[in-house]
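According to TrEMBL:
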BINDING   A:110-117, A:192-196, A:256-259  GTP binding site
DOMAIN    A:9-88  domain 'Signal recognition particle SRP54 helical bundle'
DOMAIN    A:102-260  domain 'AAA+ ATPase'
DOMAIN    A:103-304  domain 'SRP54-type proteins GTP-binding'
C-alpha cells in the first residue's frame, strides 16, 4: 500500500491542485509582494476553503517576512505548503485498531450524505485483508435501504453484518453486536449510524445514548468515535465538528470525496481549531481509495505540482 | 463564528444608519464587512466579488448620497441586491409544461440528497398535485441505491420502476420512459447516481441520459453546507447537462447556505425547492428574500412575522404582552405562552429568524431546542395550585416535591423551570427599561441574561433540554 501512495493521493487531489496551483502561478510569477498581491493570495486561500482565519494568518506571515520582495510562484508554493503542513502535521495520526481490545469498538458518525457507510465498507476491506477480524453493524436503521447498502458491502468484503429490523433501536442493536463480537473474539467492530445534522438535539442525544448503552457492556467503549466529513463542506464543518465533539467526544476525522474539485482546505481550518486527528482521506470510490492522511503530501497536493520539483523540499513521507 | 460576524454586520449597518452623510470610505468599509460575511457564509469568491462591485456602484450613486438616511439606503441596496441575486421575490414553480410522461432528471454530487429529494418530489407531485408519478433510480453505482428509491416511493405512495439487475443507467432511463408512456404516467422522476463534476466518464453518461429522455426539468441537487466548490459543481453540471432548476438540501442545518447564491449566479437557473428535514414532506418552495437575510446573518423577520401572524392568536398575544409590560406575568401566562410557541414550531427555528440572536443560538447549539422541553414545563405547571402559579415565590422544598411527583418530573426540573421563569421576569423588566426603541437598536440578544442560556458541561448534561422525545 505504501508504494505509489503519494501518486494516488496526488491523482485524487490533482484537480484541486491544478486549480489552486494555477491561480498562484498566475498571481505570483515574478512579482513584487505588495498589498494587492497579498490580498489576491488571501483570496486564493479563502477560495480553497481554508477559512478566513487561517488564510489571514498565512498572509500575515508573508507580510512579515517577504513584504516588498520580488517573489516567484515557486517561493509562494513552498512557503504556503510548509505553512499548511505545519498546521496539519500534528493531526496526521493514522487509525490503528488495538488488537488487545477484542473488539476495538468504533462508532462512525456524521451528517447525512458524507459517506459513512462507504467508509466503513472500505475500512472493513482493508482491515479484513490485513487479517483483522471485522464485524459490521448496520446502525442506520432510519434511512431507506441503508441496512441493505451495508450488507452488500459486507458481502463484498466478506465481513459479517449485524442488522436489526427497520426503525429498530440503534443502541440496542449496537449492544447486541458488541456482545456477539466479544463472544466471537472479533478484533474490530465498526458501527454505522444514521446521518444526522448536528443542530438536531434529539438526534444527537440518540447518539449519546448508543454510547451510554455500549458502556453498560464495557465501560471503555466505544474506543473510537470517528466523524466522517465531506470535503466539499464549507465553513459549516467547523460547527459540525464542534457539536459532534461536544456531544459524542469524537476521537478522529475521516475526510471523504477529496477526489472531486473540492480542495478540502477546511481540513486546515479544522486542524487549527480543534487539533483532532485526521485518520484517513477518501480519494475515490474503490475500496483501496481510503488512504492514511499525511500532512506533507496533503499540503503539497493542495499547493501545487511544481513544489515536488524543488530540491530544497525534502520528502516527508519515508515510505515513498 | 457566525454570530460574531452576524453581530458585526448588524453593527456596520447600524453605524451607517445613524450617519447623516456618507463618504465613499464609509461605503468601502461596509462593503468589506459584507464581503467577509458572504465568504464566511460560503458564497463563492467570484460571486462575492461580482456582487460587491454591483452593490458598490449603486451605493455610491447619487440617489444614495442625496437620500435623507444614506446608511439605511445602503443596507437596503445590499438586501435588495441579495434577493435579486437569489432570483428575485417569489418562488419559481417546477416547469411541467410538457407532454406526459414528463421526465424530471435529478443530478448532483454524491451525498447531496438526490434520492431523498426524488422521494419527496414523488410525494408532492403524487399527493398534493394528484399526478401519476413513476420514480426510477438510475444509480447502479452505490449499493442498494435502487432499493432505497423503491422504498421511498412506497412510503410516498407512488410507483417505482421494477429493478432489473445488470441494466446500464441509460437503459434504465429508456425503460422508465417506455413504462411511463405505456402505463400512462404523468411524470417520470429519474434519479441518477452521484457523480463528481470532474469525472468525465460519468458526466458523459448523464449527458446520454439527458439525450435519450429530454427532461422538462434537470434539477441540480446541492447540499446547503457546500463550500467554495459550489462554483465548480454548478459550472460543470450546467455545461454538461444544462441545469434548469436547483434544489438546496439540508436547509434545516445551521449552515448559512451561501452556496445558494453561487448556484444561481453560475447556472442562471432558479432555485426551485429546498429540503429541510428527513421526512418526506419536508420539501418547500424557495423564498429568496428569506435566505438573503440568513446569508448575511440578519435574520428573517419577515418570515417570523408571517409565521407568527399565521399561527398566533392575536388577542391572546396582546393580552400577554400587556401583562409582561406591567410586570404581572405569572406562570399561568407562561403556560399560555408555551401553547402559542408550540404552535409555531421549534424554538431554534424561531431563533433563526431573529436578528441579533446569533450569540444565543450558538450557546444553544447542539442542545435539544425542540418543544419537548416546553411540554415538560406545561406538565409541571399544571401540577401547581392556582396560588403557586400566581406567586411562584411560595414554592419551597415540600411544594417542589409534590409538584415533581405530580408531573412525573424531578425536583431539579422544577427548580430549573422556576429559575427560568425568574430569568424571564428579569428580562421583562429590562424590556420595560429599554423601551421599544432601545430594543430595536440593541437587538433581542442584548436582553438575554446569562441564566437564560442552558448550562453546558457535565452539570447540565441531564437537563430538560437533553431529553429525547
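For all residues, glycine too, the Cβ spot is worked out from N, Cα and C.
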Residues with Cβ closer than 8 Å to the Cβ of residue A:113 (GTP binding site), same chain and 6+ apart in sequence?
A:195, A:230
A:116, A:196 as binding-site residues, winner by CB count within 10 A:
A:116
Could you check the binding-site residues A:110, A:113, A:116, A:193, A:196 and tell me which sit with their Cβ under 8 Å of a chain B Cβ?
A:113
Average pLDDT across the domain 'SRP54-type proteins GTP-binding' (A:103-304)?
92
For residue A:193 (GTP binding site), list the number of other Cβ atoms lying within 10 Å of its Cβ atom.
28
What three-state secondary structure does DSSP assign to residue A:116 (GTP binding site)?
helix
Which number gives the other C-beta atoms within 10 angstroms of the C-beta of residue A:110 (GTP binding site), all protein chains shown included?
26
Would you count the other CB atoms within 10 A of the CB of residue A:258 (GTP binding site), including those on all shown protein chains?
27
